[in-house]
Amino acid sequence: MREVVRGAVLAFALKVIGAGLTFGLNVSLARLLGVEDTGLYFLALSVTAIGSVIGRVGLDNVLLRFVATYATHQNWSGVQGVYAQGMRMALLVSAAVMLTVFVAAPWLASAIFNKAELTDPLRLMCLSILPSSLLNLQAESLKGLKRVRDAMLVQGIGVSLFALLLLYPLSQFAGVNGAVLAYAVSTILVALVGAWALHRTFCGYEVDRKHFSLRLLWASCKPLLLVAVMNRAILPWAPLFILGIWATSAEVGVYGAASRVAMLVTFLLVAVNNVVAPKFAELYIKGDMEALGQTARRTALMITLLASPIFMALIFGGSWIMGFFGVEFEQGGLMLMILAVGQLVNVMTGSVGYLLMMSGNEISFQKLTMVTTLLLLALTTIFVPLWGGVGAAMATSVAVAANNLGAVWLVWRKLGIKAIVLS
């Protein structure tokens, strides 16, 4: 547990910096672009974020698990082999997805969103699909090697930092297209930083790279691909995507800002996940179920206590906080309150998703996520035409709560562990 606490403190400090940079980036976007262009930015980001998840073909947790397992046994040639094979696979698929989105951008903008002005931002933003896929997989590999600092710099800080530095000059020159370009260029720069960090790490091993079976890698990815698409693409991005079909760019901009702020409740959970995910894999391999359960419960309690003040601020000061983005965004206070409730449930249940995936229960987690994804899509389709952004927030919170509470039940049923903070 001491190792988790030490790692969590470092991850927390870096995550605070990352959350501050991301918040500053989103506020700057809203202030510089206005509510309508901010909506176009978030719509383009939603499409390419989904594309990046597809491009990673479920490799995120597969690389994390294999790298952590090989590193535990000091099998450094195995670490390099699985990393190289995974990156080759992601490179090919992500490039194909990026090209597809680039070609389909006019159709998506006009036929799906009924917003022809979205075409250029979408084409520029899709350039981030490939580097975003690579940098996320680099970060997962670094987590498996317990290089939390480097992983957080790549996945949690780098893109926001570079985008914030590039935002003002590029947006002044080209408006929303400039802001989108700032993000795309930032992902490229961070992917290069991630590649350098791993190259430096691998140089210290001085071993021959072991070939890793592509068939085995794909067999491991298949059950997680659908989970990844649902958990990392549909659950976080589908409400905004569907809202873009029914609502104006301005309402999309308000909802997009509110959803980004609501994530402040869970940034602590994300920080701790960077530490506990490889620890879960290590404890499960050793068969130490008692330590596994204690680690899960204590981290959930720690995160809940630390996140509670943020949650209270979002509940009682939602409209005021949204006002940082501009007067037009203050109407998003109710959306923010609703989204914060769902994220609090996420925090209180801890790292249950990682606990299931690191213990070989991917199929069960896949079935659960499929059910909650269908629930989200159904609720969003019903609520958004009725209540717009507020309806999207309601659908999101219900689905997030259902997914995490279902995972708590699965952890108890499959592993005999009571993972929730109240247990």
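Cβ coordinates are placed from backbone N, Cα and C, and glycine is handled just like the others.
Checking TrEMBL for transmembrane segment across the ranges 39-59, 249-269 points to 39-59. Residues 29, 33, 86, 89-90, 93-98, 100-101, 108, 113, 115, 117-118, 121-122, 124-126, 128-130, 132-133, 136-137, 140, 176, 179-180, 183, 217, 221-229, 232-234, 236-237, 240-241, 244, 248-257 of the same chain, all 6+ positions outside the transmembrane segment (39-59), place their C-beta atoms under 8 angstroms from a C-beta of that stretch. Outside the transmembrane segment (393-412) by six or more residues, the chain places 231, 235, 239, 255, 258-259, 296, 334-336, 338-339, 341-343, 345-346, 349, 352-353, 355-356, 361, 364-365, 368-369, 371-373, 375-376, 379-380, 382-384, 387, 418-420 with a CB less than 8 A from a CB of the stretch. Note on the transmembrane segment (180-203): residues 41, 44-45, 76, 79-80, 83, 121, 124-125, 127-128, 131-132, 134-135, 138-139, 141-142, 145, 147, 150, 153-154, 158-163, 166-167, 170-171, 174 of its chain, located 6 or more positions outside it, place their CB under 8 angstroms from a CB of the stretch.
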